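K.L.:
First the structure, which I've put down as structure tokens, then a few questions once you've had a look.
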Amino acid sequence: MSTQTDPLAALRAAARERTRARDAAKAADAERRAAQARPKRSAAALREIVRRGQAELHGPGWPGASPDATREATAEEVVAWAAREFGDSVAVACSMADAVLPHVVAAIKPWVDVLFLDTGYHFAETYGTRDAVETGMDVTIVDITPRQTVAEQDAAHGKDLWSRDPGLCCQLRKVEPLHDRLAGYEVWVTGVRREEAPTRSATPLVAWDEKNGLVKINPLAAWTFDELLAYATKHGVILNPLLNDGYPSIGCAPCTRRVAPGEDPRAGRWAGLDKTECGLHV
Ligand code: SF4
């Protein structure tokens, strides 16, 4: 009888063991969270935390920064601050253009909730990225779906609402569902970066989100696109393949086109229309 080990069988056994260990860690974290769950604090209490955070994290020149601030906090420092202040009441928003933000946060808060807005209109590559993040990273994916399916929306508002009234379409498929889900958290973390668009150039690291009634932090606000890619390369972070195919900004398929070299990175979003934002961040 041969005593040689089948290398494929060994690899499969190792993969099964990794999956088992991952599932056990995730279940243990869910149990710990359930045991430590507490009610959401009042808006006044959360605003006070924002005031302290702005003094602590923002560098010289920012409104609310400490008078002796010498520099702006790094992304990791912002996340560590949020972990201290908000415990488990943290949600990370991710469009699945890349998994850099979930990676930055999960390094400090494993199994953090990562919210994915499933509008029903994403590219296949975006759904593939979502699945790869769920199976390959120590995060908990939370799919958020609109109140109506695409078919129900077509029946109620006519086919392809995005082509006639993208503002309403984004309101129904992004803004309202996210608003509903954020009610359960004290802070949400976004990947908004100042260089992405003129509308984002004054993005703070921490702010009060009046529209959604919770704290909003933007740890990557100061990052450039090159810094984002450098982080992804260094840490082997999952990227949406469309990023390397002419789509530096990835939204729903009907409202996103390729960008030419030298164009604004968000020029491919709602191209030809006045609309530049979906309403989640401005
Ligand atoms: S990006 Fe386009 S398809 Fe997606 S929700 Fe907005 S209008 Fe609708």
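Including glycine, each Cβ sits where the backbone N, Cα and C put it.
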K.L.:
With TrEMBL as the source, which of 1-43, 130-172, 173-215 is set down as region 'Disordered'?
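P.N.:
Among 1-43, 130-172, 173-215, the range TrEMBL annotates as region 'Disordered' is 1-43.
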K.L.:
Can you give me the same-chain residues 6 or more apart in sequence from Cys170 ([4Fe-4S] cluster binding site) with a CB-CB distance under 8 Å?
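P.N.:
In sequence order, Cys278, Gly279 meet the Cβ cut-off.
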K.L.:
Starting from the Cβ centroid of Cys169, Cys170, Cys252, Cys255, the recorded [4Fe-4S] cluster site, name every other residue in that chain with its Cβ within 8 Å, sequence order please.
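P.N.:
Once Cys169, Cys170, Cys252, Cys255 are set aside, the remaining close residues are Thr119, Tyr121, Trp162, Pro166, Arg173, Lys174, Gly251, Pro254, Trp270, Cys278.
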K.L.:
Give me the long-range Cβ neighbours of Cys252 ([4Fe-4S] cluster binding site): same chain, 6+ apart, Cβ under 8 Å, in sequence order.
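P.N.:
Non-local contacts for Cys252 ([4Fe-4S] cluster binding site): Thr119, Tyr121, His122, Trp162, Arg173.
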K.L.:
Helix, strand, coil: count each for the residues of the region 'Disordered' (1-43), based on DSSP.
P.N.:
31 helix, 0 strand, 12 coil
K.L.:
Within 10 Å of each Cβ, count the other Cβ atoms, then let me know which of the recorded positions Cys169, Cys255, Cys278 comes out lowest.
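P.N.:
With the recorded positions Cys169, Cys255, Cys278, fewest surrounding Cβ atoms within 10 Å: Cys255.
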